[in-house]
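Engineer: Pasting in a structure now, in structure tokens, and then I'll have a few things to ask.
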Amino acid sequence: MAAGFFISKTVGVVAIVLAVGAVATIIALSVVYAQEKNKGTSDVGTNTTVSPTTTTPAPNNPWNRWRLPTTLKPESYKVFLQPFLTPDANNMYIFKGNSSVVFVCEEATNLILIHSNKLNYTMQGSFHATLQAEDGGAVPAISRTWLETTTQYLVVQLSSPLQQGRRYQLFSSFTGELADDLAGFYRSEYTDESGTRQVVATTQMQPADARKAFPCFDEPAMKANFTVTMIHPTNYEAISNMPVKNTRQQIIDGVTWSVTEFNTTPRMSTYLLAFIVSQFDHRDTNSSGTLIRIWGRPKAIEEGQGDYALNVTGPILKFFEGHYNTAYPLPKSDQVGLPDFNAGAMENWGLVTYRENSLLFDDNFSSISNKERVVTVIAHELAHQWFGNLVTLRWWNDLWLNEGFASYVEYLGADSAEPDWNIKDLMVLNELHDVMATDALASSHPLSFREEEINTPAQISEVFDSIAYSKGASVLRMLSSFLSEDIFKEGLQSYLHTFAYDNTVYTDLWVHLQEAVQKNNVTLPTNISNIMDRWTLQMGFPVVTVNTLDGTVSQKHFLLDPTSSVDRPSDFNYVWIVPITWMTGNNQGSGNYWLTEVSDTNNSFTINSTWLLLNLNVTGYFRVNYNQENWDQLLNQLGTDQTVIPVINRAQIIDDAFNLARAKYINVTLALNTTLFLSREREYMPWQAALTNLKYFQQMFDRSELFGDMSRYIRNQVTPLFEYYKNITNNWQNRPSGLMAQYNEINAISTACSYGVTECQQLAANYLQQWQNTNINPVPPNLRSAIYCSMVATGGESAWDFIWQKFQNASVVSEADKLRTALSCSPHPWILNRYLQYTLDPTKIRRQDATSTINSIASNVVGQPLVWDFIRGNWRTLFSQYGGGSFSFSRLILSVTQRFSSEFELQELEQFKKDNEDIGFGSGTRALEQALERTRANINWVTENQAAVMQWFK
């Protein structure tokens, strides 16, 4: 699943209230099983009574445990589903279905536990299901069935045990709500060109919502083959993981329906199953025998919004086939842009689903960042088609390897499609720098959890965080770097070939990489497992400190708040085996070095006449600190000719310095001094690193007296960059060449307008006036995010209303996203409060966009206290909508608290935790602890540094 703005997913909590008596068995579904159900069917005599739908048995019973027992192993499913795309008499959208699962008994048991959530069953006699033997023989009678709603099971108790080694089939018929909760089998909607509301039935199963679509053994290790049949209106089309096997028409209750059966899938996990019924259109092509189709709203496809995705999918698939040395495992690759989808994308095997902004692209509206988003997300999801789908981690505690790997190789796949972008360099900014801020907290966590730590759906959702994605990617990039990409690929290919269609644990990859290391006689300080366990089994990372006067080098667990205590023990005592690359000024030396202990001495690091730089191109996942003399040498080099230092390392010097200052390793003024050269810098990466770190200063001080001096400094630094891009773009009429240059042009506009460069704000005002007068948008797509924000910030109520009207009418989702975010830039509290209320109304703000909209408002200094009041006042509602298993929910808590830096705010946050213990915090539980830790650290940092910062900016 793609992260993103990133990773989010909702587990809906709307209960289904459907009278069992009103649920008619679907004729078309039942006929298929009529004969089979008469053979070897379990006794459903009248000597038993129907169990209640809920029960509260003793806590030690198997159905009170979140994990399935290992007594049964599924082999195949037949799933029949009929979504109704118009509301019923109760104004509810529903689907009907039945399914059968063939399983083998691994260990004799008289209990069948199968996941089921929010499904209402058509009783088979007195029970929720029927049982028969695959060999046609006798089976134990069912004695009792019930639904265990807390742990989400259908429980089937038998009068005697199933026999080890025999195969059985469990059949059930059910009804569910086709809700708009973005989870399981759900409903998405859009308005077509005629103004008619259209409904799409679609899916999002990961991590634990296949059970909302049909009863199943809903754990990733429970792989099976799936044969899916969809019954749908004749003017709709159905697609699923596999190609269509056949389609026929059938009359059901006097209405003609299409019945579409799909080929049986390979052996796969339930969370990768997908099916969609829609009136979407598509464009297609063929790449090396693989059918590629891009699906979306008919208007979007007609306008060519899927063409870019269609053009890059083939090259990316071809790249991964070579990278993995394995052919694409399926006959087709469908990719679908959905109007309502709460993740960035989902790697369903052969049927990848996306938010529209992650698949569709329109040159007339979409920016270069939208284009980068599309190609990287496609690469991320296609990487999963092998790593994650063909070979799947056994349980969610090792999610980091699945998502971290895809987050790493997405840059390689995107680079193959856009080789002129140098996109691989962006990984340092997008992944490594970003996640280090989280991983430097005492409340962080290791990449890999113990299996018993992750059980509930909310706990599973919590592990879909930046540690899994971005730290996972950064650590794997480090591993590939010190092994070499060729050795890394050799071990990876062996791993995939060995475990195809099976499940693994993360250490299986280490075994195959070690074999490649030994085969190629690669010299390492110890084996792969010993090196990598220190990066995966203990949280955080080291700061490496080097003294160029005597060559001493040491490491220490880096914590943003050095006074915080680490409660999580480590078998390695927070010592890492660190691969270090280095160079010196004037090309006097360079090399590789391993730091294997807490401290060491390296004579090559004893340098007097020039500077030493560690961690070339930031391939290592650690920070670097120097003695004052070396810092002075580096600052002098930046001040005279910064280009001597590699561009990625210029960004590293800034990012390391600011974070070292926050952690009290160096003085805050040293960190600020690393920004002095920016008035001469034209490269994107150093500028972006500086702006990211200065944002922390903004958050800490934009409510204080020193912010005026800080704004003047940033204004002075950015004005030369603004003038530079104004000149080379012919007064903003053209775009600079190259991805990085275009990104830095956006930085120039955004920073200049935000910090009060008059010419920039006037540019935005002129654009707004032209747009209002002509109804033709004059703003180049790349500049729209920044310009729209300035329009709203300086244009008053009329500008807000104008942008809101454009948002409501936007037909290209990337344009709608820019407008929606810009609406958060208003300086007027009453407007922002009104906008916050809109997030509770899905007719104004789509449910998938609600939390990101709230986060945008919270990033506004005026909006932050309003959002804090809003969240506290609406916590129960927000939690019921997003809290149980939403990947975005944790960011809601972190966003609203990002400015907290006073004792009063800390007390409010602690009171919020206390007041809502009865409701809970779900997938935001860890984020709340991180927010508390960050607030305490902010309080200490502001107290200790405000005077020095004020003096420096003066």
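Heads up, the Cβ atoms here are built off N, Cα and C, so glycines get one too.
The feature active site, proton acceptor is assigned by TrEMBL to E381. The Zn(2+) binding site annotation in TrEMBL covers H380, H384, E403. Residues or ranges marked as domain 'Aminopeptidase N-like N-terminal' by TrEMBL: 73-272. Marked as domain 'Peptidase M1 membrane alanine aminopeptidase' by TrEMBL: 308-535. What TrEMBL records for 611-936 is domain 'ERAP1-like C-terminal'. Marked as region 'Disordered' by TrEMBL: 40-64. Residues annotated as site 'Transition state stabilizer' in TrEMBL: Y469.
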Engineer: Give me the non-local Cβ neighbours of E381 (active site, proton acceptor): same chain, 6+ apart in sequence, Cβ-Cβ under 8 Å, ordered along the sequence.
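Structural biologist: E381 (active site, proton acceptor) has long-range Cβ partners M1, A2, Q335, A345, M346, E347, V352, Y354, A406.
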Engineer: So which binding-site residues out of H380, H384, E403 end up within 10 angstroms of Y469 (site 'Transition state stabilizer'), measuring C-alpha to C-alpha?
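Structural biologist: Correct set: E403.
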Engineer: Excluding H380, H384, E403, please set out which residues of the same chain place their CB within 8 Å of the center of the CB atoms of the Zn(2+) site, keeping sequence order.
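Structural biologist: So the extra residues in range turn out to be M1, A2, E347, E381, A383, F387, G388, N402, F405, A406, S407, E410.
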Engineer: Let me know how many other Cβ atoms fall within 10 Å of the Cβ of H380 (Zn(2+) binding site).
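Structural biologist: The answer is 31.
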